[in-house]
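Inspection log for the structure reproduced underneath, given as structure tokens.
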Amino acid sequence: MKILRKNHPLLKIMNHSFIDLPTPSNISSWWNFGSLLGTCLVIQILTGLFLAMHYTSDTTTAFSSVAHICRDVNYGWLIRYLHANGASMFFICLFIHVGRGIYYGSYVLSETWNIGIILFLTTMATAFVGYVLPWGQMSFWGATVITNLLSAIPYIGSTLVEWIWGGFSVDKATLTRFFAFHFILPFIIAAFTLVHLLFLHETGSNNPSGLNSNSDKIPFHPYYTTKDLLGIFLLLLALMILTLFFPDILGDPDNYTPANPLNTPAHIKPEWYFLFAYAILRSIPNKLGGVLALILSILILATFPLLNNSKQHGLIFRPITQTIYWIFIANLLVLTWIGGQPVELPFTTIGQIASITYFAIIIILIPISNAIENNIIKL
């Protein structure tokens, strides 16, 4: 009898992707975060769908509709906080996933890596427009400040900002279109995820040793499905603890005040997962320069395959680059902390030093350390 999963036209695709997929036998728990990101995406789409059933994208009722969800809808408070904290878990998994890719040299699979960068940017755009929807003070002023950055683009800047706003300020038209974007973008992310997997399965997964693992592969199921399920349970446990015990720990108290265009909050800042990029933006006094630095802080990830001059794959046998890598991670944490601080001394100076360090490590220090390690191998 023919095995259905191996012959059915649809099940065959699933089988080659999740069941009989040849996988390196030594991939560690750092490889779990891809499946965790998929889980986060499903959670976000489902909770978002139920929130959209009760939310109204109108400036007069948006804030009260979110309050109505939390007070009057059955388990509305749970759905809302799962969605808000699910976004934080999403970005934690995303940062770890990218960090693992850098550490173990997964960027040599350049198509997969570049689709990953597009996914990262799309996820950031989705989170930004989503943060505007509750129409609290930080939602309104965050939208105003960040969209206004586009006015730094020469010639077309002002026109572009008014086009995005749908008027001369952030108002009803802006909120409506942001809701439309926030609804459609997760499905675009899901589509790009399939492309990401398609490219990954063309080459096969990387592994911690950085060596060719073609001679030692095992089927994805049951070994890695079980391993992924454990990761998913731990993720759900962390998400439920965060949601049920500390629902507002990652939010901003200002967002519990309805949006008021006449009253500016003392410190306008985005969600925690954007703070590193926000700190880089603020560290440059020139508006256009700041915007370029902000964009480059993400796009610079695309230079990893181009600047890779190492004879070894990954950092596991490269102590000098390993040290630089962990300095880079520490620097990112410093940038995140600075992004949440007011614009005053000494924070501005620390932010500028950390921003320069961020770019210098990727463009200068890592290629130099690679060259040094290549020469050490020859000795």
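Note that Cβ sites are derived from N, Cα and C of the backbone, with glycine treated the same way.
Copied over from Swiss-Prot, here are the features:
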TRANSMEM  33-53  transmembrane segment
TRANSMEM  77-98  transmembrane segment
BINDING   His83, His182  heme b b562 binding site
BINDING   His97, His196  heme b b566 binding site
TRANSMEM  113-133  transmembrane segment
TRANSMEM  178-198  transmembrane segment
BINDING   His201  ubiquinone binding site
TRANSMEM  226-246  transmembrane segment
TRANSMEM  288-308  transmembrane segment
TRANSMEM  320-340  transmembrane segment
TRANSMEM  347-367  transmembrane segment
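Everything Swiss-Prot records as a feature, shown here on the structure.
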| residue | record | DSSP (3 states) |
| --- | --- | --- |
| His83 | heme b b562 binding site | helix |
| His97 | heme b b566 binding site | helix |
| His182 | heme b b562 binding site | helix |
| His196 | heme b b566 binding site | helix |
| His201 | ubiquinone binding site | helix |
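When each of 77-98, 113-133, 288-308, 320-340 is scored by its Cβ pairs under 8 Å to the transmembrane segment (178-198), the top-ranked stretch turns out to be 113-133. Cβ atoms under 8 Å from those of the transmembrane segment (226-246) belong to residues 29, 32-33, 35-36, 39-40, 43, 78, 81-82, 85-86, 88-89, 93 of the same chain, restricted to positions at least 6 beyond its ends. Between the CA atoms of His97 (heme b b566 binding site) and His201 (ubiquinone binding site) there is a gap of 17 Å, rounded to the nearest whole number. Outside the transmembrane segment (113-133), and at least 6 residues removed from its termini, the chain residues within Cβ reach (under 8 Å) are 55, 57, 62, 66, 87, 90-91, 94, 98, 101, 106-107, 139-140, 142-143, 146, 174-175, 178-179, 181-182, 185-186, 188-189, 192-193, 195-196, 199, 270-271, 273-274, 298-299, 301-302, 304-305. Residues of the same chain lying 6 or more positions beyond the ends of the transmembrane segment (33-53) and with a Cβ under 8 Å from any Cβ of it are 69, 79-80, 82-83, 86-87, 89-90, 93-94, 96-97, 100, 182-183, 186-187, 189-190, 193, 228, 231-232, 235-236, 239. In sequence order, Thr112, Ile115, Gly116, Leu119 make up the list of same-chain residues 6 or more apart from His196 (heme b b566 binding site) whose Cβ falls under 8 Å from its Cβ. Same-chain residues lying 6+ beyond the ends of the transmembrane segment (77-98) with a Cβ under 8 Å from its Cβ atoms: 30, 33-34, 36-37, 40-41, 43-44, 47-48, 50-51, 66, 69-71, 116, 120, 123, 127, 130, 235, 238-239, 242-243, 247, 250-251, 271-273, 301. A straight line from the CA of His182 (heme b b562 binding site) to the CA of His201 (ubiquinone binding site) spans 29 Å. Cβ neighbour density within 10 Å is lowest for His201 among the binding-site residues His83, His97, His182, His201. You'll find the Cα of His83 (heme b b562 binding site) roughly 30 Å from the Cα of His201 (ubiquinone binding site).
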